[in-house]
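**Student:** Here you go, one structure.
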Amino acid sequence: MTKLAITLPLIFTLLIIFIDVSTGSSNIFNVVSFGAKPDGVTDSTAAFLKAWQGACSSAASATVLVPTGTFLVKVITFGGPCKSRLKFQVTGTVVAPTDYWAFGNSGYWILFNKVSKFSLVGGTFDARASGFWSCRKSGQNCPPGVRSISFNSANDVIISGVKSMNSQVSHMTLNGCTNVVVRNIKLVAPGDSPNTDGFGIQFSTGVTFTGNTVQTGDDCVAIGPGTRNFVISKLACGPGHGVSIGSLAKVFNEAGVENVTVSSSVFTGTQNGVRIKSWARPSNGFVRNVFFQNLIMKNVQNPIIIDQNYCPSKQGCPTEHSGVKISQVTYKNIQGTSATQQAMKLECSKTSPCTRITLQDIKLTYNKGTPATSFCSNALGTNLGPRFFLLPNTRETKMGSFGSCNGEPPSSSRGKSMEEQQQSLRCIGTENQVRKVRALEKQVSFQFVNVENHVTERQRNIHGFVEKQKSFRVVLERQLSFMNGGSERKKNELPGKRGDSSLHIAARTGNLGNVIELIRGCNGIEELLSKQNLEGETSLYTAAENGHWLVVEEMLKHMDLDTASIAARNGFDPFHIAAKQGHLEALKQLLDTFPNLAMTTDSSCTTALHTAATQGHIDVVNLLLKTDSHLAKIAKNNGKTALHSAARMGHVEVVKSLIGNDAKIGFRTDKKGQTALHMAVKGQNKGVVHELVKPDPAVLSVEDNKGNTPLHIASKKGRAKIVRCLVSFDGINLNAMNKAGDTALDIAEKIGNSELVSILKEAGAATTAKDLGKPQNPAKQLKQTVSDIRHEVQSQLQQSRQTGARVQRIAKRLKKLHINGLNNAINSATVVAVLIATVAFAAIFTIPGQYEEERTIGMLLGEARIANKAPFLVFFIFDSLALFISLAVVVVQTSVVVIEQKAKKKLVFVINKLMWLACLFISVAFVSLSFIVVGKEDILLAICETVIGGTIMLTTIGAMCYCVIMHRIEETKLKSMRKERSKSISSSHMPSESEILKGEFNKRMYAL
């Protein structure tokens, strides 16, 4: 297991280095060098194109650089494919013409067409579309508008750190693209800007959209037909129209949408949350395998919506029904508030109903104080989880009242609460149907039907369906009865091994809906919120510890400062534990409600700032310093400040922030008289040392209670890097003596660290304290005398050849060196095996002549153009042998654990021979392809290469074989000597140091 833990990171590191080297950019094409003017007025379109053409035609990886400044660019197309990997780096701002007619009918402003292995990084793109929006709003004759940044038929693309502003239509679109990563971008337009989509995608696959912010007047993300394997995560959407799949069914023959995931995102003030939309027209399209999960809605008008009756123009669709088949759509853990009473609307097609819809943990509240409702039509699906209902944002509603403080409903509300909760869903029709279908709805399988105010024909059909399931319903009713009985018994059950109450459990898991229920349904809220489990943790503590800031926000509405400050048995209160875990949002909620929490301390007088600094949470540290800059001066009982702990742990950014807040804090000492620099030199981080010395180098001379400067401490700890760093500062006293009369050099010599001695002597330190001409006190002289005597005795013991223990230690140490040598050989073989496997694997896909891209006579699609040549056959065989031998070595190395030295030698022997073969085979594969690369006219070059390579490889292998044979002969002789010695009469004879050193351990190098 240890070998695997060491080998796998090594393999991945080598692969990352290999990729990094292969993708490194070596040529920079600055647009300014091609005539671009950073004044925002001069047309720089031609200069941008020239820079692109130069970079695109470069055989080596290249970068197009747009430096700081504002560059005016008109309609432009960056065409590919390019010869190598290309990066488009923007540090300035690119602006469009303010004349919206200048774009014509192009449909785009900046287009990247058929690019591959491409990255767009940083910068701001401002389409300046305010004039275009005014034209649209006035109803005048306006151009169709353009998309700001478009990618057509692009592959292997990374878009990072880009900001797009004020687009006419869409900020960024992907059309026909594969393997694209879009991260940390920001798309911004006013909320009232007409039809300004944020991110649009269609006919693309393998796209990841993560960590982005979108604020627009239309869809934050618009997912069009032909989209597959699309992942959205950590999206901040709003204002805008949310995430929308569609509009679909614009035409009959339309590609479908599948494998879409939207997760861990926040929607704020948007018109919609997650929407699937299609025209009410016939179509053979589909939407399937879609996941909406872990989403937060903040005052969203339509948090969940499926609309298959979209027909704004009323042309060609009022009398039709959508043919788009929607199936396998999952809504899971969607929480927050709805701006309208109808929080969920599933309006599916009559001719193509939605199927396999899954709802789980949908907890949405209506912000007007009345129950939230849902509308469901022609939708079939599954209800998973303990609950499916929409929570009202009020304490006394139709949902029923929960009166007990442990989260269980009182006996008077059981049954009635669930019935009224089903009414709030409004997914069935009349009261009669509610009673008859309730049993089915409470189980795993359920069915949505149309909602009407009177009994329609469809409702009578459902009524008949339920009547046909009478026997099944009886069984379900018995199960429900059992469930009700279970709820009676649950009150008497133990709350768990930790003594958690229901509120603790809900807060720990971040279940906002349950938290709201339990708090608003409890008569003794103060008692509920102050209740502690066996570890002394309150429910607020568990929520803060796990970073569930929405739960923290809800709880803080109902508690005072004393309750919020209750500490657990470990001494941490909710504010401290949130700081320790680095949960910034939870801390902001706590500070907004109770700013005085920042001043609280634990039993050792540790502040939350100190805790966060120790853990290295720089964002938390900055927040707390902004709240109260004096927090940095509060020390623990041992006198250490937050700077002491951050310096000891090596957190450079935290140290920089604390020093920036108060430069003088670097001179604060603890009860041992040590500054933060004394603590920093105990570690290994030179950056921390530089940050502490930078404000005032005088801190280098501060002595602790024993007279030790930071240089003394670093020498005592054996920190060679830190000592080298300290002696590089001007003004440091290399010969300072502590109260024991020792200099840093004295300490280095006593601990026997030759590297430290060398560093200090090179810097000009005196040899000993005596060389400084300062007399030693009697205690010091006595100590020195005792030390000299001890050294004499040790020297005599070392010279004694009769000491068996000494001999055994030498033998053990030498044996350990051999074992380390074997381990190094094994690790080296693993590295080489990985590299050979990487090269062999990549070689088959980068052969000369490439592959057939179209089917031709006698050739298959994807077939290598040199497949019919003899050298290719030789290459294929030997490349495969090298690949699989290397992989076999990797498998053995990561699977076999060898402890005994002899077995380890055998393993090294076998692996080395396999690696010899792999090296020979990869060499043959390389030579064979060289006959194709040089061509028939220069075949002599290939022959010369073969002769040279063969000579080198065979000579090397021959030399290694000779070394192996000689080592085996010497081992045989040593075994014979040991056997003869074991037969000696004198059993008391013990080998001396010289005998051991002349034996098998005297070799510094040998081959296996």
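Each residue's number is its place along the chain shown, starting with 1.
Keep in mind that glycine also has a Cβ here, set from the backbone N, Cα and C atoms.
According to TrEMBL, the active site annotation covers His241. Residues or ranges marked as compositional bias 'Polar residues' in TrEMBL: 409-422. Summarising the annotation, TrEMBL assigns domain 'PGG' to 821-933. Taken from TrEMBL, the feature region 'Disordered' applies to 400-422. Marked as repeat 'ANK' by TrEMBL: 570-602, 604-636, 638-670, 706-728, 740-772. Look at TrEMBL and you will find 1-24 tagged as signal peptide. The transmembrane segment annotation in TrEMBL covers 872-893, 914-933, 939-965.
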**Student:** May I ask which residues of the same chain, at least 6 positions away in sequence, place their Cβ under 8 angstroms from the Cβ of His241 (active site)?
**Tutor:** Thr216, Asp218, Asp219, Cys220, Thr270, Gln271, Asn272, Arg275
**Student:** The transmembrane segment (914-933): which same-chain residues, six or more beyond its ends, come within Cβ distance under 8 Å?
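**Tutor:** Sequence-distant neighbours of the transmembrane segment (914-933): 829, 832-833, 836, 839-840, 843, 847-849, 866, 869, 871-872, 874-875, 878-879, 881-882, 885-886, 888-889, 939, 941-942, 945-946, 949-950, 953, 957, 960.
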**Student:** What else in the chain is close to the repeat 'ANK' (570-602), if you only count residues 6 or more beyond its ends and a Cβ gap under 8 Å?
**Tutor:** 535-536, 538, 540-541, 543-549, 552-553, 556, 561, 564, 608-609, 611-612, 615, 617, 619-620, 623-624, 627-628, 631, 634
**Student:** Restricting to the same chain and to residues at least six past its boundaries, which positions have a Cβ under 8 Å from a Cβ of the transmembrane segment (872-893)?
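**Tutor:** Contacts with the transmembrane segment (872-893): 3, 7, 11, 826, 829-830, 832-834, 836-837, 840-841, 843-844, 847, 864, 866, 907, 911, 914-915, 917-919, 921-922, 924-925, 928-929, 932.
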**Student:** Can you tell me the mean pLDDT for the repeat 'ANK' (638-670)?
**Tutor:** 91
**Student:** When secondary structure is assigned with DSSP, how many helix, strand and coil residues does the repeat 'ANK' (706-728) contain?
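**Tutor:** Split by secondary structure, the repeat 'ANK' (706-728) comes out as 16 helix, 0 strand, 7 coil.
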**Student:** Within the same chain, where does the repeat 'ANK' (604-636) have neighbours whose Cβ lies under 8 angstroms from its own Cβ atoms, ignoring anything closer than 6 residues to its ends? I mean 6 or more beyond.
**Tutor:** 571-572, 575-576, 578-582, 584, 587-588, 591, 595, 597-598, 642-643, 645-646, 649, 651, 653-654, 657-658, 661-662, 665, 668, 670
